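Heads up: the structure comes next, in C-alpha cells.
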C-alpha cells in the first residue's frame, strides 16, 4: 500500500500547480484507454523509486473562513490522521497571512511529518521573499515553484526519505479482500451491517494495516472474505458532499488493498459524476469491480428502470464495461446473498492464469484476423506475449514499435483475450515492450505492478 501525502493551503497559493508538477513526474498514470474520468483530486507520484499518492485539498475549502469552522477542522484532522505526510503551501509573493499562522498552529499536533513549501519562488534571487517564513523557525521549510520546478527536487528528496517504507500486504489466507465504496449516504454502512448481520456468518475483527482501521473477516458458506477498514463504514454519519471529499484518502487506501471493489450507486438518484469518479479510482488501481444498485426497494417502475440504469452505467463508465451490476436493497437484504456469488465469479477471473503458448496462440489468431496497422510506414509486428501477474491478469506483449500501437488496436487485442478465455468480468492489463527478454518487475510502472502475484512463464 502506497503512502499518502496531503496538500493543504489557502486558496490561490498554487496548490493545484504544485500538484500538477508533482504528479507529472509519472505521466502515464495508468491506462490510456479513453473514458476514464480523471478527477484531479489525487494522483500517483514516483520519486527515486518511491511511490506515493498525493491528495489535493484544493476543492475542499472555498475560502479562508471555511478552515476555521469546527466541522471543517474535524474533517481536516481526519484527513491528516490518515496521511503519512502533510504539505502546507504558502504564497511567497503575498507573504504570511492569518490563515497561514492558524494552519501552522493547527498542524503542530500532527503525528506525521509536515513540510512547509513557500511557493512562487522561481529563482535564487527571489528567495529573499522567504525571509519572513524562515523567521518563524519552521523545520522542513522549502522555497519552491510549482510553475517552474525550482526547488522541487530538493524537497522531494527529503519527503520520500521521511515516508514510511511500503510493506507488502500480509497474507490473508486466500481470503478475498473487499472494499465497499461509494458517495455519501448511498448505503455503505447499511450494507456492511447487513452483511455482518446475516445468518450463518462467522464474524471477527482483526487489526488492519492502516492506523486505527479495523478489517472484518466474515465466512459465508465455508469461504472467508475480508471486508477492508469497516471501522469508518460501520459508524453511520451524514456529512455534506463537500466534507465527504476528505474520505477520498480512506477510499484510496482501501482500493490499494482490495481485490474487488463493491461500488454502491443510488437507484433513486441514478448514476452521478461522483459515482463515475469513484469507479475511475477503482479502475486505475486495477481492482475487480461490481456495481451494486442500492435502494432498489424504493425505485419506481423497477423493471423499466433496471434497463435504463444499466444502460447509463455502460454509457458513463465505459472503462468498466466488464464490471457486473446487480440491484439490491441493503435495508431489506434483497439480493445481498447474490453479491457473494458475483464476488466469487469475479475473483475466479481476477486470479486467472494462462499458459504462455495458449496466450500466444490467441495473439496469433487475433493479428491474423485483423492485420496490425502501420507505424511511420512500417507494419507493427507482435513477436511474443507473456502473462506477468494476476490480480488483475496482466500481460506484456513485445512489438517492434510499442508507441505505435493505437488504443483501438490495443482494445481489439484485449477483447480477443476476453473472447477466447471467457474473461468478461475482470480488468485486463496489456502493456507493450520493444524487446523480448527477462521481465524487470522493478521497472514496471505502478499500474503494471498492481497485479497481486507474479507468474512464471510456462
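Cβ coordinates are placed from backbone N, Cα and C, and glycine is handled just like the others.
As annotated by Swiss-Prot, domain 'EngA-type G 1' applies to 3-167.
DSSP gives residue 121 (GTP 1 binding site) a coil state; it is part of no helix or strand. The Cβ of residue 121 (GTP 1 binding site) has 92, 127, 129, 130, 143, 144, 145, 150, 151 as same-chain neighbours under 8 Å, each 6 or more residues away in sequence. Marked as GTP 1 binding site by Swiss-Prot on the basis of sequence analysis: 9-16, 56-60, 119-122.
Residues or ranges marked as domain 'EngA-type G 2' in Swiss-Prot: 176-351.
In the three-state DSSP classification, residue 296 (GTP 2 binding site) falls within a helix. Taken from Swiss-Prot, the feature GTP 2 binding site applies to 182-189, 229-233, 294-297, supported by sequence analysis.
If you look up Swiss-Prot, you'll see 352-436 marked as domain 'KH-like'.
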Taken over the domain 'EngA-type G 1' (3-167), the model's mean pLDDT: 78
Candidate with the highest Cβ count within 10 Å, taken from the binding-site residues 12, 185: 185
Neighbouring C-beta atoms (10 Å sphere around the C-beta of residue 15 (GTP 1 binding site)): 24
Helix, strand and coil counts within the domain 'KH-like' (352-436) (DSSP): 32 helix, 24 strand, 29 coil
